[in-house]
Every structure is written in structure tokens, then in C-alpha cells.
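Student: Provided herewith is a single structure, encoded as C-alpha cells, for subsequent inquiry.
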Amino acid sequence: MGVWLNKDDFIRDLKRISLCLLILYVVVVVGTDQNFYSLLGVSKTASSREIRQAFKKLALKLHPDKNPNNPNAHGDFLKINRAYEVLKDEDLRKKYDKYGEKGLEDNQGGQYESWSYYRYDFGIYDDDPEIITLERREFDAAVNSGELWFVNFYSPGCSHCHDLAPTWREFAKEVDGLLRIGAVNCGDDRMLCRMKGVNSYPSLFIFRSGMAAVKYNGDRSKESLVAFAMQHVRSTVTELSTGNFVNAIETAFAAGVGWLITFCSKGEDCLTSQTRLRLSGMLDGLVNVGWVDCDAQDSLCKSLDTTASTTAYFPPGATLNDREKSSVLFLNSLDAKEIYMEIIHNLPDFELLSANQLEDRLAHHRWLVFFHFGKNENANDPELKKLKTLLKNEHIQVGRFDCSSAPGICSDLYVFQPCLAVFKGQGTKEYEIHHGKKILYDILAFAKESVNSHVTTLGPQNFPASDKEPWLVDFFAPWCPPCRALLPELRKASTLLYGQLKVGTLDCTIHEGLCNMYNIQAYPTTVVFNQSSIHEYEGHHSAEQILEFIEDLRNPSVVSLTPSTFNELVKQRKHDEVWMVDFYSPWCHPCQVLMPEWKRMARTLTGLINVGSVDCQQYHSFCTQENVQRYPEIRFYPQKSSKAYQYHSYNGWNRDAYSLRSWGLGFLPQASIDLTPQTFNEKVLQGKTHWVVDFYAPWCGPCQNFAPEFELLARMIKGKVRAGKVDCQAYPQTCQKAGIKAYPSVKLYQYERAKKSIWEEQINSRDAKTIAALIYGKLETLQSQVKRNKDEL
């Protein structure tokens, strides 16, 4: 028997059903949303090292090799592998934080290694506190901090690297405190390793600011490594005697430096010469190290009431011959590290600045200031006491300020928790807060960069909302790793942009209202304010690309096309003109990711290919008319033929500047000449023009990648140097005679030399601009020689 519902009951039940369906939909969506951070079990603030450690733990547990009976093992592992691939990469992590997985459509990944790789090869130094795994973004700052670094460049698959690992760990423990021990994974940071000239593994280099890197070529025993490291440690041990004792002590005390002295008597224990050298290196600039032979200097030791072997630290101003009144620290250990830690703990803390003197002191000098609230937390890391000495040559003083003594001052600076900041000699107006790691080398790098940069900490009182000058403002959150990675690059960019535009940072965890006003939804968000115009930066986190972005705002490389200008410039283009056009929509995440790459590509194609873009949100009906069915839609319009509307659509997977440029150049007529053995001999070797020749093989992948770059080069040097190509598969004897041992190989053949040789000069670059600059430099030198020879005749 049916049941009839009245209207009210029907509406009520319909609402219930709709609510249930909505809840079900939300559950399904949430259940399928794979948050990469939660997949790895890390927070959004996790460091690269924490992400590697979390992934390794999961990889060893979930790897398909260890779960052969689980049909879902492959799929489950792909998920965590994908999460790791994205979060380990700074740029992909930024895209993911901002757009979610939508922003990663061009970076699918999907490959993983065997279980044994993750067990034995992956992150081999991540669990060693004495060894710091350095990444590209922090490497230069670390090795230029002023500390001595010994760095192991290794590859995960290298057996010799694994053979060295146990020794490297023992060595790191042995020299801890004397120098920094680092490691670079060249499997993850290939570009960094290439930049540092690393072409074999393991490669061990010593680095110190102001000196060239020194490669270690000895045997890989711990003793040999220690001996090599000690050659580069600055250590001076003074033998004290009646003749020099008083002057040495008084001179050091006057400079605020104390003495560590070991008094040695025959048959009794005192610090060995090797231990004294190590302590001198560890305490370099902080404490002088000396020793007294009490058998030879009996009267001196007796005057100091020392009758047995003793080691003591004499702080500045210590009374040497009255132990009861003196602040002398007597040391019972013979171990260098134990003595070092005890002395460091007893060194005086940084100067405490008072509220009354703060503004005046900061106005007349550059300062690194530690802010604390009551208890001084810096005491937990006594190594930070080295800062005063290591920053002395930079003319940066180091002090501390207790915010509990003057809360108003800290509140005005937006300091609400313990932190440190650099003040640039203009009082409290110009300062920058440190958001990096609270470890010595990171703070050193920050202080040196900050005092020489032009980055301003912004707040409501100085935010450039209506400033007539252009500003680049970085909206960030201190907990966000990509934000922290961007800050050093902003400092570099600010020095290069000084006088052109100002650079500032705004902490959105403090100034939430300002960030909401500008609709900041992800961190970091970097924006250029130019009076009424606002432009958001979407590029990579590098000073170079920030500068490119600014230059593109001044001189746009991409033509913004309207339906009218599209018809005029593209459809009615001249016979020899070509265009590449990006049809996009501002709300489309892949379009937003593409835009900086599109602009970068356009700059490299200036004079060769016209580049434009069409906003399909603004000109929707026009894009529909042009049959644009997806975003972004990239089209190439070739040299005009009878088919004016002919175009080619880009279907490639990668939408980076290099891939897009190669695709576009592939449609241009060949500018280089295909050479045969006969034409190579007649035109290149016996001809009266300069030639640059690309020796290649059709099956060679790098040759195929280089081909469009060589075509670009041919166009750049047209009229001055001719460009040719030799197919080494078709003409092996020609290539063999030219001494070709690898593909591609590029050689320059210069006319007017004494005699052209088939070997000539090889060019090792694969960048068209670099090759062109090198060629022009060679030709200029050659012309000078020819002119000089003619003058002599």
C-alpha cells in the first residue's frame, strides 16, 4: 500500500536526502584528497632532511619488494613516492602549496627505485648529526660563512662512496668543532655538482670564504683526512717563557682575549702538541693557546704557583698569581673537545643593550641583536659565542636585548617571541629578522647578506600602498620552507635592483589583515606594486629570474593580443614572419604556471619568432571562434603561405621555456648548412670564411636536444660566421679525422689563421649565447693579431 506525502513532508525529506548526498560527496572528495604532507607524516614546516627521513622510513616499510602479496603495494608506494618527489623540490613544493596537484600537471614523475636502494643508498648521512647535508640553495651561504668546510660530493649508486661513508662518519666525529663537515648528494643536486666541477665520486673539497676550493687527492683513511684538514686550520700555539710571558698576556688582555695555557712538567700529563693545535683551531679568534715547559722555565712556573702539570684558562683581566681572587678556570681533562666546550661555556655572553641606549647604539653601527624574553635562550648553544669574532671583519657588532625590560620597543618592532635581527646602522627603521636555522653558519650567512642588501621589513606603518616608487613585496610566513628559501634570493636581487625599485617583506602571520587586504592565499606570494599597477611574480626562487621578471615588466617580451591585434599581427602577418601564441585564462592553474616560462622563452627568441598571448577570459567569444577548446593552448603560426589560418598545436608534455623554444625553432627554415666530406673540405678547410661546425649523430639524444640551439646560434652569427653540420653516422671518416670523440661536438674554424687545421678549436658550451660570445671574442683576438702582423710588415 503506497504512502502519500503532503507538500511540507516532501520538501523536508528532499532536504534530508540532499544533505546526505552532500555529506557523501564531501566524504568522497576528502577521502580521495591525497595531502602530500600527511602521506609522509610530516608538517608543512618540515625541512628537506625531515622529509627525506620520513620518506625513507615509509619506503622501507611499504616498498613492493617487501610486500609481494599485496596487490595494492605498487599503487600505495607510488603515492608516497610522488609526495616525496614534489616536497623535496623547492619549486614543485611551492606549486603544490599554492595550487595543489592541479599545479603539478607538467611534473608527473612516477618512477621509483628498488627496496635495497632506499635501505642502503638513500640519504646515507641524514642520521649523522656531525655531517650536514647541503642543498644547492644553501651551499654558497654555508661555505662563504667564514667557517672552514670539508665537503664530500657523492652519488647514491657509487660503491666507493659507500666504502668511504663509515670513515667519513668517524672523521666527522673526530674533528667536530674544528671545522664543518658537509655532504652533497649529486644524485639530487646534479646542477650544484656540475657547477663545482665535480665529475667523479666521491670528490672531497675544502672550502673557506675568500680562498679557492682545494680538492683532496690522498688515501681515504681517517688519519690522512685529519692530517689534510689540519693543514687548512688556522692554528697558532705560542711557547711562553720568562722573556715573552708578560707582554703576550697583557697584549691579549688589552684586546679582550684570554689565554688557554698548559704547563708541562717532565713525567706528568699535559696537553700534547696535537691537542694544542686542535684547540688553537677550535678557539681561533676567541682564545689564545700557549704552553710552558716548567722544567726549562722553573722560575716562571713557581711565580705562578704552578708546581705540577696543569692546564688553565685565563680570561681577560685574570689575576695570574693569586688563585683565590682569580677567575682562572682550571681544566682537568686532556680531551680537546671537552676542554673546548668548557671554555666556550665560560666565555662572556653578548653585550646586553638597555632600552635607553638601544636606538642610539643601533643608529651608529651595524648590529646583530638577539631578542629574548627574560631567560636568555642563546645559552643553550654556546657555539653562537663565535659570532662576535667571525663578524668582526664585517664590522657587525653582536648584542642582545631583553624584551621583558621594555615590551613596547619589541612590540613596535613586531618581535613577539625570541628571535634575532640585523640592524643596518639606521636605528630601528632598517632591520631584517632572521627566519632560518638557528645554527652558527646559517646565522653568519644571514648577517653578512642582510647588512649588504636592501631588504626592508614591512608593517602597516611603512607598507607602500600608495608609494610613488615601485616596490617588490614578498608576502610570506616564517614556517613555510619555500618562503625561507626565497629570502636569500631576494637579498641578492635587492642589491642588483638598488635605485630601480625597493624590496620589502611582510610577515603574514603577524600582519594578517594586510595580507587579507591583498587576497594573499598562498606563501610565498611576491608582488610588484607600481603605483596603481600590481603584478604577481610566478617564477622560480632565484635572483636571476626575479630580475628577468622585473625586466619583462619594463620591456615586455610577450605581446598581449586583442581580437583586433591578433587579426592584424598574426593573421595578416608578413610573408617571412612567424608567431607563437598562448591562449590562456587567468583562473587556469597550468596557465599560471606556464606564464613565467612563456615570458622566459620569448626573451630568448627575440628577433626570430614573435610571441604573443590571448586572455580567453576577457575575449571568450574570440577564443571560441578560434576553436580554442582547452587552456593553455599553444600554437605556432608558420611563415605565411596560401593557408593563412594554418597553425601547429603544441602537444608536448613539458611546458618549460627550453622545451617550448626547441619546439618553435623546429619550424623555422634551417639556417645551418649540411656538409659532406667534399663541402667540408672545400668550404670549411679551404674556404675564405669563418665556420662553426656541429658534429652529430642522428641517434644521439643530446644531439637532438642541441639541434635547435645550434640553429639559434646560426641565426645569431649570420653574416659574420657560417654554421654547418656534419652527420658522423653518414661520414665517420670526416669526424674521425676531425678528432671527434663525443657527440655533439662543436668546433670553430677561423679564416686568416696561419693554416686551417681539421682539428681546430673545440667549444664546450651548449648555450647559443655563450658560444656566440666566445666566437666573437676569438674573432676579435684574431683580427687584432692580423692587424698587428700587417703593421709589422
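Cβ from N, Cα, C; glycine included.
Just lifted these from Swiss-Prot, have a look:
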type	residues	note
DOMAIN	35-100	domain 'J'
DOMAIN	130-232	domain 'Thioredoxin 1'
DOMAIN	454-553	domain 'Thioredoxin 2'
DOMAIN	557-665	domain 'Thioredoxin 3'
REGION	235-350	region 'Trxb 1'
REGION	348-463	region 'Trxb 2'
Student: Within the domain 'J' (35-100), count helix residues (DSSP H, G, I), strand residues (E, B) and coil residues, in that order.
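Tutor: The domain 'J' (35-100) comes out at 49 helix, 0 strand, 17 coil.
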Student: As a test of reading the model: what is the averaged pLDDT for the domain 'J' (35-100)?
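Tutor: 80, rounded to a whole number.
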Student: Summarise the domain 'Thioredoxin 3' (557-665) by DSSP state, stating how many residues are helix, strand and coil.
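Tutor: Tallying H, G and I as helix, E and B as strand, the rest coil: 40 helix, 21 strand, 48 coil.
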Student: For the domain 'Thioredoxin 1' (130-232), what does DSSP give as the number of helix, strand and coil residues?
Tutor: 40 helix, 25 strand, 38 coil
